[in-house]
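See below for the structure under consideration.
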Amino acid sequence: MGTVEQKSTHTSPPTSPISRARSISGSIKSLFKPSSVQNSTPTVSPHESSPPLGNSDNLKKLVDTKRAELSSSRGAPPVNVNNVSNLSINTDVRPADDQPQVKSAKSPIIQTPKMAMNIVPQNIKSVLSSPRQSSSTNDRSSITSATSSVTSANDQKEKNYGSGNGSADDIPIAQLRLSEQDRAQDYTIDNALDTKDKSKPVKRNNSTSAFRGRKDKNFESSEYEIRSNSLSRIHSTPQNESPTVNNIHRGRPYSESISISSLKHIEQESKCILQVDNFKVFENGMHVHNLKIMPIVKSAQADAANDHDSNELNKQKSMFSLTSIFKSHKEDSGVDNSPLENLDNAVSLLPSIKNMAVYNRKRNISSSTAGTGGSDSDSIPDDLSERMVNPCAAIGAEELKLINTLSERINDAILCKSGKKSSHMLKEKDPDAMTFTQLYGKSMGVVLGHGAYGVVRLFSRNATERDPQYLQTYCNGQKMFFAVKELKPKSSEPKEKFSTRITSEFIIGHSLNHSEKKGGSKYSPNIIRVLDLLEISSGSFIEVLEFCPSGDLYNILTRKTKNGTALHPLEADCFMKQLLTGVQYMHSHGVAHCDLKPENILFHPNGLLKICDFGTSCVFQTAWEKNVHFQTGAVGSEPYVAPEEFIHDFNYDPRLVDCWSCGVVYCSMVLGHYLWKLAVKEKDPLYKAFYEEISSNKEFYVFEEMRHVNHEINRLRKISLYKIFQPNPDKRITIDQLLQSPWMKNTRCCIDYKTISS
């Protein structure tokens, strides 16, 4: 007969040392009552009085009778120690007559000797291991106790579950299915029971329980078959390991028996229990991403002079499009796409490398003096000497000075007559300064994408040990790669608008991902690095950005959709947590993105997520402002725009808009399509259906039908989604609250933010 698979839920009470049903707990305790019997021979405690001499014959007969009973009940040689697991028990002495017995068709009676560690017979395996086993009579073992206290009402529940009749909610969450080899070697209680959540009982709603009770064969055989057990930590005992005291796994801290937490804990590499495309999950709950790298990057390691390779590059360059930074526009047809020339004459608009240390020091001084009202005359002008109330804001005194400097230089370059150099470019260059080619390399002849103001090209150069630390971008060990974005004003656009847009976009990106600490917080790894802004000719500029070789989320979802799949729920949860963490960092620095969508989310091969494109970002709070500035008017891409943005003359909080957009992005990851095209009831029937269901039933069928490998996390996720998609922004959850929700708290992320922030 095939195995009966069951779903599992964690229901361990905080007061019980074992997470399973009370019947097993009682059985184990009765099986291993402290004993004074050793080697099946009863002994007399030294504290007991000797029997009268006159009764010696009766005593001898009694001993012989007991020996005969024990010998007949065994019927098999003693169990080898190598075939059992060890448990920690009490060491009190009790009479031999109260010895519990274990009866089985395959195993003899085991009487526990007087020792700190007792032995579990192999026939307990069927009870301690996963209940998803064959119910064959020959493979089943029974447990019989000498006392009547062993039997309880929960015994029947456990028996029903073992036969496939019990409720799934009675079983611990995250219980892994072990292979036949694992079952033969790993049946200790510590390994058979869940160890992740020891104290919190799980309470499920009716809809979730009903869903779990369905026997959906298609779902059982799907790629999500792993369920909640992918998140538990279970270490299997090696085959060559004898179950001695030193080899016992670490016990649970609330165990009522002898503590073994101080004993040696055997670390074993977790095995992969799920592999879906470029995503792996291990039995300890950890996971790894291995996203595809753009073919152009792989080909860069080969000989670039080979004609065959060059032809292949030209064919493959359109497979990925970094539309996250470089959005497609109708006006692109009027943009000059000719190759960039004379880049070695480009002049950076940023402070020189020599002055960067001074710039960083002034930033820290301005932050440290914010609480005292003090000011530094060299860093903060007189009109900005008032006390700063928000030292963590991305836009402070130094950023304001840099904005003024960049605006002046950009306007000077734009207004300069054709063929003439701006005053900034006429200045004598520092002879020690590195040229553009030395810093960022040469063009690889590949256009990554098209933007509103020009094209984006891929540049690369050989990596060296002397590379500046601030040039943090993708490196494959041989070459460093950079994305170079060209910025040219369109003939139909006012020069002031062009200057304001590129200045604000660069300043926001540059200040957000600055490597130095500001206001006690370190840079976020989920914000793309803006490395440089240079003037290359009269009215033309280039922006150098960190290169992400795995493309954007839009292309990842597009490839998945072509295969008829979507992101795995655990993978989507990890990306969602990274996205929320990056947005939280922006909000804590007074900046809202206002255009979050898959095209604006980039990836590195290891799954590191990067938020980019700050062209429409909103600075809602500077260093001198206590209150948040609200916005009016719709900003961003329609499927991801919150409903309040379409209300005429409505002042909305840009932070809550970002939260709505994050929710739409997540649903796109797990569903593979948009929820709706426009969040307006009168214009989109899909959104109208959502609004009516939420208003009348407080439910949305799309959220109710979403699946997850872990049913408890699925329930928590559903609660969070309902809080995100509140049409009324006053009732909507914030990014900070969402990151503190049970859903995100129970979401494993591949990024260790504690290490980064330390």
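In case you wondered, yes, glycine gets a Cβ from its N, Cα and C as well.
The annotation region 'Disordered' is assigned in Swiss-Prot to 1-170 (among others).
Taken from Swiss-Prot, the feature compositional bias 'Polar residues' applies to 22-57 (among others).
The compositional bias 'Basic and acidic residues' annotation in Swiss-Prot covers 58-69 (among others).
According to Swiss-Prot, the compositional bias 'Low complexity' annotation covers 129-153.
For 189-252 (among others), the entry in Swiss-Prot reads region 'Disordered'.
According to Swiss-Prot, the compositional bias 'Basic and acidic residues' annotation covers 216-226 (among others).
Look at Swiss-Prot and you will find 227-247 (among others) tagged as compositional bias 'Polar residues'.
Mean model confidence of the domain 'Protein kinase' (442-744) amounts to 91 (pLDDT, 0 to 100 scale). Residues or ranges marked as domain 'Protein kinase' in Swiss-Prot (evidence: sequence analysis): 442-744.
Summarising the annotation, Swiss-Prot assigns ATP binding site to Leu448, Gly449, His450, Gly451, Ala452, Tyr453, Gly454, Val455, Val456, Lys485.
Annotation note: Asp595 (active site, proton acceptor) sits in a coil segment as assigned by DSSP. Swiss-Prot lists Asp595 with the feature active site, proton acceptor, giving sequence analysis as the kind of evidence.
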Sparsest-packed of the listed binding-site residues (Leu448, Ala452, Val456) - C-beta count within 10 angstroms: Ala452
Among the ATP-binding set Leu448, Gly449, His450, Gly451, Ala452, Tyr453, Gly454, Val455, Val456, Lys485, as the record gives it, the longest Cα-Cα distance in Å: 14
Residues of the compositional bias 'Basic and acidic residues' (58-69) by DSSP state, where helix covers H, G and I: 12 helix, 0 strand, 0 coil
Which of His450, Gly454, the listed binding-site residues, has fewest other Cβ atoms within 10 Å: His450
List of residues, in chain order, with Cβ under 8 A from that of Asp595 (active site, proton acceptor) and at least 6 apart: Asp613, Gly615, Thr616, Ser617, Val635, Gly636, Ser637, Tyr640, Ser661
DSSP three-state assignment (helix, strand or coil) for Ala452 (ATP binding site): coil
